[in-house]
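If you look up Swiss-Prot, you'll see HIS112, HIS116, ASP304 marked as Fe cation binding site. What Swiss-Prot lists as substrate binding site is LEU136, VAL137, SER138, GLY139, GLY140, ASP169, GLY182, ASN276.
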Amino acid sequence: MIVLGIESSCDETGLAIYDYSKKKLIADELYSQVKLHKKYGGVVPELASREHIAKLNLLAKKIFKETGLSFEDIDCIAYTAMPGLVGALMVGATFAKTLGLIHNIDTIAVHHLEGHLLSPLLDHNSNIEYPFVALLVSGGHTQLFEVKEFGEYSLLGESIDDAAGEAFDKTTKLLGMGYPGGVEVANLADQATDKSKYILPRPMKNKPNLDFSFSGLKTAVLNTWYDEQDQSLENKANLCYAFQDAAIDVLVSKCAKALQKTKNTRLVISGGVSANKLLRHQLDLLAKNRGYQIFFPPMKYCTDNGAMIALAGAYRYVNGFKDSNLEINVKARSPL
């Protein structure tokens, strides 16, 4: 069973083809709009939608040409329906539904977060058994789930204000740095010369619940930098290190609590922030010290991509899900 996946929820245009019977990704194409939005310091929704319109058909032609497949080989077309930028989602959904109608292929709506949650399965070496705890950590979401079976997700905790990735992005703006924030902060943090110069708070780390808060950490960065008389690149690197260290410390602590609370021994990490080297290192240490299994997506599939949508669509399709009509039903916000 072969699925074409389409991702267009924000500023990445992604198409991929996944073979469920072989558990194999056949092809994957991605166009990133980062350069387009970089000069604005963030994603401009109207521009994002227009870029999806311009690139989707080109990527589709490329992916079929390179694989030698045709639409006759496709059993289902999966597309991101929620959450995301409504205009961008509508472009991808309309493209998918149109292809489905023309070629008489079933279509299936996929939740963007479910795609991220399953993305570690794109690693051929990953054999993830249920149940497990999952941390979704990105620019728009920071959530902990207990996953008992496919499609059975229990929310354990989430950010009550800024998502972790959002805090990274806002920190770069406060410090007059570039976009996207996660990469900029991590790269500059690697250049820190005095890792103990700044001590920042760990919001909600010691709270018994599994919720997060990163707004206060962002404000602490602002106040610290405002009070700093020597705003040199060296001190900016030291502050980036302190921020990243605090944010990662909270994420790892909450993951440990979630595993203890649910009595699980398997942990799945996904979303854009899962590419962070310090986060991976600290969670690997946690797993090693406590005997847990930990699963990350391949680095190239941490951010938005069509491969995870094709994968999630395949799992949904074999579980009996598919669209019942041609209605375009996308949502900016939607819980998993």
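Including glycine, each Cβ sits where the backbone N, Cα and C put it.
Packing around HIS112 (Fe cation binding site) is summarised by its Cβ count: 26 other Cβ atoms lie within 10 angstroms of its Cβ, all protein chains included. Straight-line distance linking the Cα atoms of GLY140 (substrate binding site) and ASP304 (Fe cation binding site), rounded to a whole number, equals 12 Å. Only LEU136, of the binding-site residues LEU136, GLY139, ASP169, GLY182, ASN276, have a C-alpha within 10 angstroms of the C-alpha of HIS116 (Fe cation binding site). Here the CA atom of ASP304 (Fe cation binding site) lies 12 Å from the CA atom of VAL137 (substrate binding site). Taking Cα separation as the measure, ASP304 (Fe cation binding site) is nearest to SER138 of the binding-site residues LEU136, SER138, ASP169, ASN276. Long-range Cβ neighbours of LEU136 (substrate binding site) (same chain, at least 6 residues apart, Cβ-Cβ under 8 Å): LEU113, HIS116, LEU117, THR142, GLN143, LEU144, PHE145, SER270, GLY271, LEU336. For GLY139 (substrate binding site), the same-chain residues 6+ apart in sequence whose C-beta sits under 8 angstroms from its C-beta are ALA163, GLY165, GLU166, PHE168, ASP169, PRO180, GLY182, GLY272, VAL273. Cβ neighbour density within 10 Å is lowest for GLY140 among the binding-site residues GLY140, GLY182. Close to the recorded Fe cation site, the chain also has GLU7, SER9, THR80, LEU113, GLY115, SER138, GLY271, ASN305, MET308, ILE309: residues not among HIS112, HIS116, ASP304 whose Cβ is within 8 Å of the site's Cβ mean position.
Classification of LEU136 (substrate binding site) by DSSP places it within a strand.
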